[in-house]
Amino acid sequence: MGVFRFISISLAAVSAANAAQILSMPHAQTVPNSYIVMMKDDTSDDDFNHHQSWLQSTHTHNITRRATVQNAGMRHKYNFHKMKGYSGVFDDETIKDIAKDPKVMFVEPDTIISVHGKVDQNNVPSWGLARISSSKPGTQDYTYDSSAGEGITVYSVDTGVDINHEDFEGRAIWGSNQVNDGDDNDRSGHGTHTSGTMVGKEFGIAKKAKLVAVKVLGNDGSGPTSGIVAGINWCVEHARQNGGTNKAVMNMSLGGGSSSALNRAAAQAVEQGMFLSVAAGNDNTDARSSSPASEPSVCTVGASAEDDSRSSFSNWGPSLDLFAPGSNIISARPGGGSQSMSGTSMAAPHVAGLAAYLMALEGISGGAVCDRLKQLGSASISDVGPGTPTNVLINNGGAKGDGKSPKPSPKPSHPSEPQQPTEPQQPAPGEPSTPAPAPMPPTPQHPHTPFPGGDDFDFDGFWKKYFGGEHWRKMFSSFFN
């Protein structure tokens, strides 16, 4: 008995010593009792399946023993490339048990992620398209090659998209809804606006690219990190089954506090060959504090104003790769027409659209795209902010110049009013069903032609809606410049 007790104590000590780290998120708004668990890279499918079976029984045992009504359990499962993991609602004891599994890399509290844009004033000129095909500000035409992104698929990871908007010409499809609200629409307007900049006939850069809507944020422009990781997972798998990840672009005009889980998911997507354009954030602060903007392998985008200055709200710092137009940008509005919005959310889709354009024109893909954008860009931006290693504004390099965009509308066709949050609906218990990858539509034949303010966040509504009732390079690059 004494020997058995000694062995048990020794094993417990070893388990505690090797326990995975339960990360803290002191500067982020966390979702109570909701966590993201990441497994180690060498975790096999069998190991992962065994862990899930163990988790289910352990979670059930712990909530029964504590007689708690909190019984949500696992919500999302992640399994793409080298990344395996899951998210869910668990009690403290279950989280401690999870961390003891030697196959677990880390456990991270689930946090709130938000859009990086806001509806702005109307009656402003549309200038972003013209600026990225000109050597100086103040021009009116957008000159581009007629390939216009044909054969490339762009994933809008956002608030959803009005796929029936006339500017998309039938090239947009609905992909996945990770919000689990049963509403495959864009009630916010944010995702439709960013998508118009990427692929719209009038407002867009890659005018022949296809668009897939992946809803990860709700009507109030916010959502949990766990759902965004699930959205990335879905995009990678869909791209693999439909044309390949080397012909895919993902735009993420969103962000929140630093998240190892979100950065890891973004890095895995890039490693699989996708190009990721990410908004730097709207807090006029160092973007290293935000995810996924702080992930080195993505292309992190700051916002510029019409006079080629950094937009006053735009984040800055070593994480930034490029600048793109982000102030007073006119693009598509749900239900038809247009509206003006500002934010790094508006800058990132300029980069995503131009990435799709160059991938079709030059045959490049993945990590090479951000470097190519830097080569083609112009050193134009003033007041880039402390420690920012770039003042490059994106430019399409003149391309072949055999196409010309129609001049966008001089003002929004609808008044621009702030979108009011809608009372969220209670999701069904358990993990949300993820639709099977949707088939891509045939390519149509065409002629050649912000972080929202924290004080406005409805936490009670959010809770009801979702739960019922190479990092070092950017981090330290400023020290070596």
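Here the Cβ of each residue, glycine as well, is placed from N, Cα and C on the backbone.
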Of N62, N251, which one does Swiss-Prot label N-linked glycosylation site?
N251
Composition by DSSP (helix, strand, coil) of residues within the domain 'Inhibitor I9' (34-115):
30 helix, 33 strand, 19 coil
Collapsed DSSP category at H190 (active site, charge relay system):
helix
Taking the Cβ of each of the active-site residues and counting other Cβ atoms inside 10 Å, which one has the highest number: D158, S345?
S345
The compositional bias 'Polar residues' (282-294): DSSP-derived helix, strand, coil residue counts:
3 helix, 3 strand, 7 coil
Measuring Cα to Cα, how many angstrom lie between S345 (active site, charge relay system) and H190 (active site, charge relay system)?
8
Surrounding CB atoms that lie within 10 Å of the CB of H190 (active site, charge relay system), all protein chains:
32
Rounded to the nearest Å - Cα separation of D158 (active site, charge relay system) and H190 (active site, charge relay system):
7
